Amino acid sequence: MTDLQNREAEISQIVVTAAQMREIEERIFAAGMPVVALMEKVAGLISRRLEAMIPPGKSRVGVLVGPGHNGGDALVVARELHFRGYEVWIYNPFNKLKELTGKHLQYAQSLGIPCYQAVEQLRDCDVLVDGLFGFGLERKLKDKIAVAINELNTWKQPIFSIDLPSGLHTDTGEALGTAIRATHTFCLGLWKLAFLQDRALDYLGNAELIDFDIPIADVEAVLKDVAKFTRITTAKAIANLPLPRRPVTHKYKEGHLLLVCGSHRYAGGAILTALGARASGVGMLSIAVPEYLKPILVSHLPEALVIGCPETETGAIAHLQLPEKTDLSTFDAIAIGPGLTIDATPIVQQVMESKRPLVLDADALNILAQIGTISTLQKRQAPTILTPHEGEFKRLFPNIPDIQQDKVKAVSQAALQSGAIVLLKGARTLIANAHGSLWLNPNSTPALARGGSGDVLTGIMGGLLAQAMKKQIAIEEVVATASWWHSQAGIIAAQERTELGVDAFTLTQYLMQAIVNCH
Ligand SMILES: NC(=O)C1=CN([C@@H]2O[C@H](COP(=O)(O)OP(=O)(O)OC[C@H]3O[C@@H](n4cnc5c(N)ncnc54)[C@H](O)[C@@H]3O)[C@@H](O)[C@H]2O)[C@@H](O)CC1
Ligand SMILES: [K+]
């Protein structure tokens, strides 16, 4: 890789808060970079991107200008587009502007660019550029500016937001009162946390990072002693796959996974989990299911070792009847949960006592919540991964009340309290470990909001985990890679089949394509 490619790979993984971004910028200014020059550079990059996207000549561009340096960026963009032949109109309802922003406004007006205080004046513009507020916004928007944003959101023109859609909180992604619903957002310098939050997704549109050459050393200096947020990238996920295999190997060297899943009531969950595990390439796959399910599993996965177990009256696994000379320590990893029903409580308790790395999902999480999340996990002597959706999360961690308010905080607290790696499913999946580090999946598709989709993830994760135990891959990276793989397959499937065409079984059929595409 060239130095530039290395930089791109590194920058694309970094996620910062507003406070961290300000600290990084202050270091750059303290080192001698003039504020004016940086604004000129950043806005120049944005202008060039806009020129590439907006047809020149007959387009009228409306530029929304706020009081701070986000507004300053917008005014430099307005000036540059004016010189490139666009018709530019400015909306600026503020009487008090930061000094640099005021200077740029003065110059724009001297060039004859019209400037209005009423947003309605911009109604006939073909596109809008939003430079009202960036990461300096902390207070709730109200009065005239909130009314203006609500009005703008009813218009049909594309809106290009600078740094963030104005009104969004840089960290939580919450709309502070109201926020611009952008078509496209240019995130400046480094990914801000808001870009990886579910609640921001209705506002961001297409998000693009504009790298303006922040020195990595400054980023490292600011982030060195704090819990890190890592954006999961394709390059990193691919690097953490168990590829290439060693030329000389055998099945047990490539990981042995035990899946524990299924019941009479939920037979399909076991199949989907197993198909996810199969796609992971795991060397040996054992699947413990109620006896009744054994023939069905064998017919779907002839290569797997299917262990039929005695059943409860309700059709759940009554006890784990492993083959002779086998106990739970035989396996490199265990994944348990999909389709179990709550009647399999003793099985979950037994598996929790093993010293093997464990993925818990679905009913295993509900059972864990019933037997006591924290007290049970504190006794574990091996890594545990929990993969709850929001409902399961609330049952597991009832003492963390404000999950909706701040998911990042909630999932971090959960990992800290339990010592487990916690993956919170959502449009933007979050993964936290007990040391306060966080991994965020930047891409997914609503096509995956379907029954059985999570079972596939459990299978992939279990399979990758079993293989990773034979290699030097951190468990958090395995979880991140599984999450990436799952959503990537969903994205590819949705591209070919629409968002309605990605049932969980179909999803399993796209898993290979997702990684082949990247090689
Ligand atoms: N300093 C620089 O040269 C650079 C700045 N950049 C831009 O600067 C932005 C940050 O600039 P600022 O720190 O000036 O902050 P912003 O421009 O994001 O907004 C802060 C301004 O809005 C006002 N404000 C905050 N909440 C308000 C509310 N609820 N109602 C009305 N007014 C409110 C504040 O008093 C302040 O004047 C970034 O988002 C980015 O666009 C980047 O281009 C990088 C370079
Ligand atoms: K903005």
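Backbone N, Cα and C atoms are what each Cβ position is placed from, and that goes for glycine too.
It should be emphasised that the depicted structure is a prediction, and the values quoted were computed from it without experimental measurement.
According to TrEMBL, the protein has these features:
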BINDING   69-73, 134-140, ASP163, GLY339, HIS389, ASP455  (6S)-NADPHX binding site
BINDING   ASN70, ASP130, SER166  K(+) binding site
BINDING   LYS425, GLY426, ALA427, ARG428, THR429, GLY454  AMP binding site
DOMAIN    21-220  domain 'YjeF N-terminal'
DOMAIN    234-518  domain 'YjeF C-terminal'
Open item on the list: Rounded to a whole angstrom, what is the C-alpha distance between GLY454 (AMP binding site) and HIS389 ((6S)-NADPHX binding site)?
Closed with: 9
- [ ] Select, from HIS69, ASP73, PHE135, LEU137, ARG428, each of the binding-site residues with a Cβ positioned under 6 A from at least one atom of ligand 2; if none does, say none.
- [x] none
Open item on the list: Which secondary structure state does DSSP assign to ASP130 (K(+) binding site), in the simple three-class scheme?
Closed with: strand
TODO: Output: those binding-site residues from HIS69, ASN70, ASP130, LEU137, ARG139, ASP163 whose CB lies less than 6 Å from an atom of ligand 1, in sequence order; none if no residue fits.
DONE: HIS69, ASN70, LEU137, ARG139, ASP163
- [ ] Using Cβ-Cβ distances, find the residues under 8 Å from PHE135 ((6S)-NADPHX binding site) that belong to the same chain and are at least 6 apart in sequence, listing them in sequence order.
- [x] ALA18, MET21, ARG22, ASN70, ASP163, LEU164, THR170, LYS192
Task: LYS425, GLY426, ALA427, ARG428, THR429, GLY454 excluded, remaining Cβ within 8 Å of their centroid (AMP) - done: ASP198, HIS389, LEU424, LEU430, ASN441, SER444
Task: Candidate nearest ARG428 (AMP binding site) in space, where candidates are the binding-site residues GLY71, ASP73, ARG139, SER166, HIS389 and distance is Cα-Cα - done: HIS389
Task: Other residues, Cβ within 8 Å of ASN70, ASP130, SER166 Cβ centroid (K(+) site) - done: LEU64, GLY66, GLY71, ALA74, GLY131, LEU132, PHE133, GLY134, SER161, ILE162, ASP163, LEU164, PRO165, GLY167, ILE180
Task: Stretch-averaged pLDDT - the domain 'YjeF N-terminal' (21-220) - done: 97
TODO: Return the single residue from the binding-site residues list (ASN70, SER166) that has the minimum number of other CB atoms within 10 Å.
DONE: ASN70
- [ ] Give the residue from the binding-site residues LEU137, ALA427 that has the most other Cβ atoms within 10 Å of its Cβ, counting over every protein chain displayed.
- [x] LEU137
Open item on the list: Which one is it: of the binding-site residues HIS69, ARG428, which Cβ has the fewest other Cβ atoms within 10 Å in this structure?
Closed with: ARG428
Open item on the list: Please give me the binding-site residues out of ASP130, SER166, LYS425, GLY426 that lie within 10 Å of LEU137 ((6S)-NADPHX binding site), comparing Cα atoms only.
Closed with: SER166
TODO: With AMP as the bound species and LYS425, GLY426, ALA427, ARG428, THR429, GLY454 as its recorded binding residues, calculate the greatest Cα-Cα distance and give it in Å as a whole number.
DONE: 14
- [ ] Fill in the CA-CA distance, HIS69 ((6S)-NADPHX binding site) to GLY426 (AMP binding site), as an integer in Å.
- [x] 33
